[in-house]
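Swiss-Prot annotations:
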REGION    305-324  region 'Disordered'
BINDING   Gly307, Ala308, Ala309, Thr310, Gly311, Ser312, Gly313, Gly314, Glu315, Ile316, Arg317, Asp318, Ser888  ATP binding site
DOMAIN    1044-1297  domain 'Glutamine amidotransferase type-1'
ACT_SITE  Cys1137  active site, nucleophile
Amino acid sequence: MFQIFRGSPALSEFRLNQLSARFQKADLPVKSCYAEYLHFADLSAGLSAEETDELEQLLHYGPTLAQHESKGECFVVIPRVGTISSWSSKATDIAHNCGLDKVVRLERGIAYYFEFERTLSAEQQQRLVSHIHDRMMETVVRAPEQAAVLFDSQDPKPFTTVDILNGGRKALEIANVELGLALASDEMDYLVENFTALGRNPNDIELYMFAQANSEHCRHKIFNADWVIDGEKQEKSLFKMIKNTFEKTPDHVLSAYKDNAAVMEGSKVGRFFADQDGQYRYHNEDAHILMKVETHNHPTAISPFPGAATGSGGEIRDEGATGRGAKPKAGLVGFSVSNLVIPGFEQPWENELSKPSRISSALDIMIEGPLGGAAFNNEFGRPALLGYFRTYEEKVNSFAGEEVRGYHKPIMLAGGIGNIRAEHVQKGEIPVGAKLIVLGGPAMNIGLGGGAASSMTSGKSKEDLDFASVQRDNPEMERRCQEVIDRCWQMGEGNPIAFIHDVGAGGLSNAMPELVHDGGRGGKFELRNILCDERGMSPLEIWCNESQERYVLAVAPENLAVFEELCQRERAPYAIIGEATEEEHLTLHDNHFDNNPIDLPMSLLLGKTPKMTRDVKSTQVNNSPVDQTNIELKEAFHRVLRLPVVAEKTFLITIGDRTVTGMVARDQMVGPWQIPVSDVAVTTAALDTYHGEAMSIGERAPVALLDFAASARLAVAESITNIAATNIGDIKRIKLSANWMSAAGHEGEDAGLYEAVKAVGEELCPALGLTVPVGKDSMSMKTTWSENGEQKTVTAPLSLVISAFARVEDVRKTVTPQLRTDKGETALLLIDLGEGKNRLGATALAQVYKQLGDKPADVVNVELLKGFYNAMQTLVQQGKLLAYHDRSDGGLIVTLAEMAFAGNCGIRAEISALGDNDLGILFSEELGAVIQVRESDLAAVREVLTQHGLIHLTKDLGLVTEYDEFEIKRGTKVVLSEKRSELRGIWAELTHQMQRLRDNPECADQEFAAKKDPANQGFSAHLTYDINEDVAAPYIATGKKPRIAVLREQGVNSHVEMGAAFDRAGFEAIDVHMSDLHTARQNLKDFNALVACGGFSYGDVLGAGGGWAKSVLFNTALRDQFQAFFEREDTLALGVCNGCQMISTLADIIPGTENWPRFVRNTSERFEARAALVRINESNSVWFQGMAGSHMPIAVSHGEGRVEFKNDSQLQGLRDQGLIIAQYVDNNIRPTEVYPANPNGSVDGITALSNTNGRVAIMMPHPERVFRTVSNSWHPEDWSEDGAWMRLFRNARVFFK
């Protein structure tokens, strides 16, 4: 039964204005446009009046927007037919958890109503439709009733065979094209030979499985190939040269090259998690460090948001599936694209070169892709702390002559770190008879052939196969799966997981064979046991689809009951689909058709397939130096500040949660002005320690257009000069991930790849003592297409991205680029590892003048690089550095500018001692760093530099001033003189333009104005209480511990740090899942307090916190239980972020909350992750006693934090009752509604509220993430261990005496 429910308006006024502007630009005669949500319900039976009312209440969410009459021509945008959106999965979950069992499935669309000035032609209709939907993910129908097609059910399809016994190799060649298998010629020979020997034809599913498992993407054939270069056989494969780094420096590596991620030694710390009895405790143990970096380039080119989202999701699964289960912790992302060509902001170096229609533009990729990557990390609950962004697209003379080099096929980088227990680093044994399980969501007909598709040059596959390889993200599902994995590894030796892999490229067709093969087993499987949301799928589609958020596991039969219980508690779907066998044979049975779609020996699938030989020739490049004739320094500087690789990247950073876990010690944003210039990301190893982990990135791809090896060396070296800013110690503690992107087969590129790998694996890394225990390759970085009968090609430069990871001794010693003006007399020093060469080839300067140059920067002296690292480590350890920033993209002038921006100060630099060529001195990208030291420490610093052989490379640069100036002189001659604030504005223009396109332009304008304001005072803190006083200490001393329910729903992700804050305040913190209350495993009557935690319950579907709250309100027993708890006079309750939204929705059952608002989408219409300044008001709130009059920063991470009242009298009522506990304030400590000081646009800056009795508080910011000083992005230097917000938790303990 199909039913339609009208929803609220879908687009705000500024979104409608943006859409109208696009129509106008496209010359479409649109007179008016209105859009509203439509909800479609697939019902097993008709709903009663009460059920209909409940469902309508569920489907009422979002901000109140102006409603219009639905008139004009209707176009309804729905999910692509044959797919199920992640919104649908979550909304359906909510309906079921609210008791609406007749709902089979919910889906959502947007109905657009247009009035036109004249009738549209068919071509105009097509253009109109292209502006309102994403063809890769959505379909347009002309009437709401036509959306019923979403729920059409078909009979299962059988497998097909390819007749090679009669048709021979030719039959396989046809299947290779039609199925998009990307099989090589020798692989086709191998398959024909082996199936002929078996005496049968292959089934389509078997061929598909073989193609995925043996694709370049999965098998890394080029990195394992034999090489002949210029007729000379090479001694080693690429992979052997990478492995050489481990052979030379195995120190501190616990696992390399054999698992989903590499593992190195970590620190012994108190890991905080809930035991099996539910109580949170510290566990003193080794927290070893795992690391992984992936790329997801092809899917991001085709459909940027889901491509980047599932890129991050897949890498997170790699971490969680390491060993016998691990914990992902912090992430990084990166993007390389062609020129942006932002309308109205076109730059002199940008030409609007063409692209094929099947791929997204660079601008679209950088609008949608980062949102996808951030959204997945946010919803999963992993802070994204590091990244890079490069644009390149230019016709240059390189190794293949003059041609266009660029990133039409983008790089989308996703990586991170995690932690793992010592006993779980290695996989276990898979016993015969072990249950083979898929953990996670159902199979869907999406993401088919991703492994093979990503191994092809863009443009070589059929366009319908590009559609098939688009994936769908559901991070909230992955979070549920991770919670199960966490419960498993937290059981220590009792961990029920024997073996685990993630499901990625190739789906189960790759994951399950890999699982049993790695365990030395075979497997018998039942196809119809696989959870499947689409009945009509064929065996190939069920087995080979790449539905995300899935893991495959082996669990011994005796441990199965424990595992199932954990899954049920976390509401994580799972299916037992097979058993491990002694014989290494793979059988897949299909109950529906009673046949075997797969019946193969494992040796055929994963055995000795033909080994590749690369017989290639090297080429030379012959270029001219950068022509400096018409380059004026000021203009050059302004251009470079606007180049994306240099420009401020706030638009890529504040969309990503950077505080979740409460263990982030250094994110991108630096200092009181929160400038995104940090060289390194740093986390604490646990919530009770200053030991930690660090990550950095190094990448210099354009250099490869001149010198392959130099580009690779610079990438490694830059990762070291970046990570040197924190307290690591021995360089052997640093481990690298190498991600290689190349257009294999393109003239000169193969030999260049070999040269680059050799430079890293055989030479530089062994010399430095560095190991590369993990990495990834993407060998098809080329886009070809035909345009007006002409063949076009855009080829990416060889691109090596190095990610460096290390254990940190003391996270507090990390040095930032923020120049200090409050430390007395100081000096600026340049340590020039380029030894004065100042080469300009392949620099930002060359790029902005459409040049390439001849000689690029390079590692001049390996020993000096090592000495530099050791010297910086000594100075970091001794606390001698006030500021540190490496020289990289843009050169010395950018290094100095970014340091001045971070310090909101002036610079007077003197460059006479650095050489004769101003452009070379200021814009060369040679290795090095600028440091700021106290005059009183100068002698000691020079002594350390002398000891490490660097004193002859150390140059005095000049002074830091308190003025709004940026001056560079050569003797008495002024080379450049500008206002720092004006340069700050130029540097911010890219972010401003991107935010105006993507977000609310009014918010973008407000933030841009704040950045340029020379009077901006930055953050400050003033506390009216003693930060070091533990007001709860006398009550903790009694030994009594009030019990607090740390409440979470599926998708909540901030519960562990919340438990830690209450544990420190003297509570017995208990992990309580909503499923515990539903099943009566727990009851709120047994608790003194409850806290509803932050995150993304149900992925914020049906309104943030709304689904969670309504699962209480629509369940009589739960509603009564919560109401009784709130009405008791001996209880406290706190709601933070998602918990704030949830508890505000429960206002009807909480005394004294009649004036509470609901929380709706931020004014920016963007997830906002920032440090924000708040002021505490006088109130009767138990939680905020003694804090009134204080102001201090706090972590903010939400997309729906704006208060919305039913009427003005509610707001006035809150004011009159004194229930507004805290407000966002500007840097002058005035309550504000101006963005971004007020990140969500709430009236009066409202951000925390109390009920009338003071026992219930709700707040959107996250005090639990900053209860330790070290986890604040900025804090006054006199704060010690406890942060300012620890007082809130201790106040709660005082209440219970």
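Every residue gets a Cβ built from N, Cα and C, even glycine.
Residues within less than 8 Å, Cβ to Cβ, of Arg317 (ATP binding site) and separated from it by at least 6 positions along the same chain comprise Asn260, Glu478, Asp502, Val503, Gly504, Glu549, Tyr551. For Glu315 (ATP binding site), the same-chain residues 6+ apart in sequence whose C-beta sits under 8 angstroms from its C-beta are Lys292, Val293, Glu294, Gly331, Ala414, Gly415, Gly416.
Here ATP is bound by Gly307, Ala308, Ala309, Thr310, Gly311, Ser312, Gly313, Gly314, Glu315, Ile316, Arg317, Asp318, Ser888 per the record. The longest Cα to Cα distance in that group is 32 Å. The two recorded residues, Gly307 (ATP binding site) and Cys1137 (active site, nucleophile), show a Cα separation of 28 Å. In this structure the C-alpha atoms belonging to Gly311 (ATP binding site) and the residue listed as 'active site, nucleophile' are separated by 27 Å. Confidence for the domain 'Glutamine amidotransferase type-1' (1044-1297), expressed as mean pLDDT, is 97. DSSP assigns Cys1137 (active site, nucleophile) to coil, not to a helix or a strand. Across the structure, Gly313 (ATP binding site) and the residue listed as 'active site, nucleophile' place their CA atoms 23 angstrom apart. Cβ neighbours within 10 Å of Gly311 (ATP binding site), excluding its own Cβ and spanning all shown chains: 27.
Long-range Cβ proximity for Ser888 (ATP binding site), meaning a same-chain Cβ under 8 A and a gap of 6 or more residues, is found for Glu718, Thr721, Val894, Thr895, Glu925.
Secondary structure of the region 'Disordered' (305-324) per DSSP, as helix, strand and coil residue counts: 16 helix, 0 strand, 4 coil. Note: the CA-CA distance between Ala309 (ATP binding site) and the residue listed as 'active site, nucleophile' rounds to 23 Å.
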